[in-house]
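> Look at Swiss-Prot and you will find 25, 87, 126, 457 tagged as (6S)-5-formyl-5,6,7,8-tetrahydrofolate binding site, backed by sequence analysis. Under the heading K(+) binding site, Swiss-Prot lists 233, 252, 254, 257. Look at Swiss-Prot and you will find 233-238, 252-258, 277-280 tagged as GTP binding site. What Swiss-Prot lists as Mg(2+) binding site is 237, 258. Under the heading domain 'TrmE-type G', Swiss-Prot lists 223-377.
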């Protein structure tokens, strides 16, 4: 594999702030030369690749010792970027890592753009686009199941499936071309309408099956957006805090104290549940509270799941009935809170099974998790250990386009169109799938994707 010629880049690869270790990473042809200028220890040009080397970082202009470090020296092509890589392991801290980064830049490196290390890995053929995106998914994963899907994608499970399908499509196209250009050849199977239809239906079934994993994959990657709704002071914020096991929302006896939308994540059965505690939906003259109410209504419309909290110790109010009405078309769980008090709510007016809870006494909170599990996971068979999942919106959109293109081929065959006229749609399918792996992705898309990465990755 021939790597492209790039300048040498540098960035801090660890989160900013205090920590045990901070890492300044360099990648490029001059990585070793730049590091050698500021490192006092072994000659990095002579050490074995993939070794850690003890020494000190020295400012060559002043002779000042900046820090005691371990320098990782990795020579191309067996590195993440397929370039020479230096990783300076410093004591963690904003000042020391920044000063060492500035030294590297002063001696000839350029400050890396967000995601530029991974972008170089892609451009140099170390990873394809799906694997590069998986790197960010691993960083952002909130549960073990989300991380497992990202790791499988990084290992190439999706890439292999897409590449194998593209190769089969290419073989079919080649067969059609040979039949058109060299009809006298008997060694090649004739690309009849029946043969092409069988192949395209096979491709369509494969991609459709992959699309069926999208809902589960998206849930695992992004979580279930869950709006906690109810009139003011029924215990929404207390429920949020109970589920999170920590105080995040303002909990008082004063109606209207949650004036905005509060978002937090909780792990339910290995799946991230994005809990959105909304301001109580009611008529109010308070401008700030009005904004919170409008945001609550928006969160309700966009939620995958609605937890409607009612006060079991009070009769249903007009606001309760309004919330029951506007949430009836959603995935909804009705919670009767404050069951530690005498129950006066009219349960006969409630349209479905409810869960009786007492947030104050921590009663039946586990039943909420059980119901969520039944709603989303149990019947769907959430995770198959060896399955390949679609979870990325870009991938899902492109697979949908590829399926549409294959359907156009099959519709054309049913109408009796000649096979050679349908090459355009079959070729388009091949190109669309190439956008997923990056083989046919435009430069603008690649730049936009990597710009979403963090610095130093």
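Just so it is clear, glycine is given a Cβ too, placed from its N, Cα and C backbone atoms.
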> Given that the record lists 25, 87, 126, 457 as binding (6S)-5-formyl-5,6,7,8-tetrahydrofolate, what is the largest C-alpha to C-alpha distance among them, in Å?
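In whole numbers, the farthest two Cα atoms are 19 Å apart.
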> Name the residues of the same chain, 6+ apart in sequence, whose Cβ is under 8 Å from the Cβ of residue 25 ((6S)-5-formyl-5,6,7,8-tetrahydrofolate binding site)?
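Expected: 10, 11, 12, 13, 85, 86, 87, 88, 117, 456.
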> Given the binding-site residues 233, 237, which one has the fewest other C-beta atoms within 10 angstroms of its C-beta?
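Ranked by other Cβ atoms within 10 Å, the binding-site residues 233, 237 bottom out at 233.
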> Have a look around residue 126 ((6S)-5-formyl-5,6,7,8-tetrahydrofolate binding site) and count the other CB atoms within 10 A of its CB, chains all included.
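Here the count is 20.
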> Please report how many Å separate the Cα atom of residue 126 ((6S)-5-formyl-5,6,7,8-tetrahydrofolate binding site) from that of residue 233 (K(+) binding site), as a whole number.
55
> Can you tell which of 236, 457 has the least company, meaning the fewest other C-beta atoms within 10 angstroms of its C-beta, among these binding-site residues?
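Among the binding-site residues 236, 457, the sparsest Cβ neighbourhood within 10 Å belongs to 457.
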> Give me the Cα-Cα distance between residue 457 ((6S)-5-formyl-5,6,7,8-tetrahydrofolate binding site) and residue 237 (Mg(2+) binding site), rounded to a whole Å.
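Cα to Cα, residue 457 ((6S)-5-formyl-5,6,7,8-tetrahydrofolate binding site) and residue 237 (Mg(2+) binding site) are separated by 37 Å.
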> If you count Cβ atoms within 10 Å of the Cβ of residue 87 ((6S)-5-formyl-5,6,7,8-tetrahydrofolate binding site), leaving out that atom itself, what do you get?
19
